[in-house]
Amino acid sequence: MLFPFPTRVCFLTEYLRKELDRISNKASNMPTTSNGRGVERSSTSESLVKPKLKYPFYIIFILGNELCERFAFYGMKAVLTLYFLEAFFWTESRATLIYHVFLITSYFTPILGAMLADGYIGKFSTIFLLSLVYIGGLVLMTLSSIPSIGLSPVSGFLSGLFLVALGTGGIKPCVVSYGGDQFREGQERQRESFFSVFYFCINAGSLVSTFVTPILRSDVSCLGKEGCYPAAFGLPAALLSLSIVLFLLGRPFYRNVPLTGNILGRVVMCVSHAVYNRFRGRNTTHNGQKNQHWLDYASDKFEKSFVNDVKQIMPVLKMFLPLPIFWTLFDQKGSRWTLQANKMDGRITDNFYWKPDQVQIFNPGMTDFAVPYFVHTAHHSVLRRSPDSYLGTVLRNDRFPHT
């Protein structure tokens, strides 16, 4: 069973964060009258004082990096299951198992990458170093698919696959947040447009690569054989190399935010400490007040403001509970659905044959079609609704492209 933490969750989290910030800022900007009611503060004079900040042009390097990196990942992943069958002669069950172990690893390592970036070396260094690990894995996979090289075809390939999972997962939470760091206060609209374009680039890279690499796998001849897996793995390696170059080109311009520390680790420690004190029966208080919430039992070790922040996170986490159920089914498209398509007649016309590993193309294609609509049409109508309705629509909109 899969328990992935995909990129789309990051965008859902960003929507939640922006909505909470909007509510918080609105409340803080409303002075109270003598009867305690809030009065809207005019922002006309403030808007005249604040200069309009320019859009950071160097964000194009981050977008180009993401476009090429997603091409590399999805292009390699598209042909992975069939490679297990045709090169290793594995059974369908074993090929499916290894494929999903790879996906689980790819979606677990973002936690490690986030902790490394926030607490130790920063986002730029994390992206660069783990990209080198990433490309090392793709090169090893490419070389292992060439029999004349002399590498162990199975152990060499799986070792490269593990490096790819480590690299792609490690940079996943860093690239999008590093792009968001390039925008300053007062550039909320520009930051919002960046996330939309960023999401579009993810699916554009997936769309093109999922169409191209199956063609290299089946229609291009190399090494005296019909079909060319080295080309299907080598092209993603080349695109990943280009993504690193693009990322480095923007280095003189990037804005680096100071390290914030291992927030995730602190949250886990706060929750575990509260649970420990609660079940040990320790009566912790803050300023003589009795505990009103089970997380208040951590107030003897953590500051009250941090405990309150963790309290606000807990209700949001409930929204993520249904996601594993969806992704458990959805990620079968690269394994069981591809294997099923491999047994079917993919001929559309006399001159066009739909390859089994190209069935995965529908998701990014429909998503890239839907993103402009939701950004320019549906999103504006959603903003006029209440927060509860807004967040619910975000959840539904995230599902529409996949349906």
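The backbone N, Cα and C atoms fix where each Cβ goes, glycine too.
Note that the structure is a prediction, hence the values are computed from the model and not measured.
If you look up TrEMBL, you'll see 71-91 (among others) marked as transmembrane segment.
The transmembrane segment annotation in TrEMBL covers 97-116 (among others).
Under the heading transmembrane segment, TrEMBL lists 128-150 (among others).
Sequence annotations record features per position, and here TrEMBL assigns transmembrane segment to 156-176 (among others).
Annotation comment: TrEMBL describes 197-217 (among others) as transmembrane segment. Nonlocal intrachain contacts for the transmembrane segment (197-217), taken as residues 6+ away from its ends with a CB within less than 8 angstroms of a stretch CB, comprise 7-8, 11, 62-63, 66-72, 74-76, 78-79, 82-83, 176, 179, 227-229, 231-232, 235-236, 239, 355-358, 360-361, 363-365, 367-368, 371-372.
The transmembrane segment annotation in TrEMBL covers 229-249 (among others).
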Under a criterion of three or more Cβ pairs within a distance under 8 Å and sequence separation of at least 6, are the transmembrane segment (229-249) and the transmembrane segment (128-150) in contact?
yes
What residues in the same chain, six or more past the boundaries of the transmembrane segment (128-150), come closer than 8 Å to it by Cβ-Cβ distance?
69, 72, 76, 83, 87, 113, 121, 156-157, 159-168, 170-171, 223, 229-230, 233-234, 236-237, 240-241, 243-244, 247-248
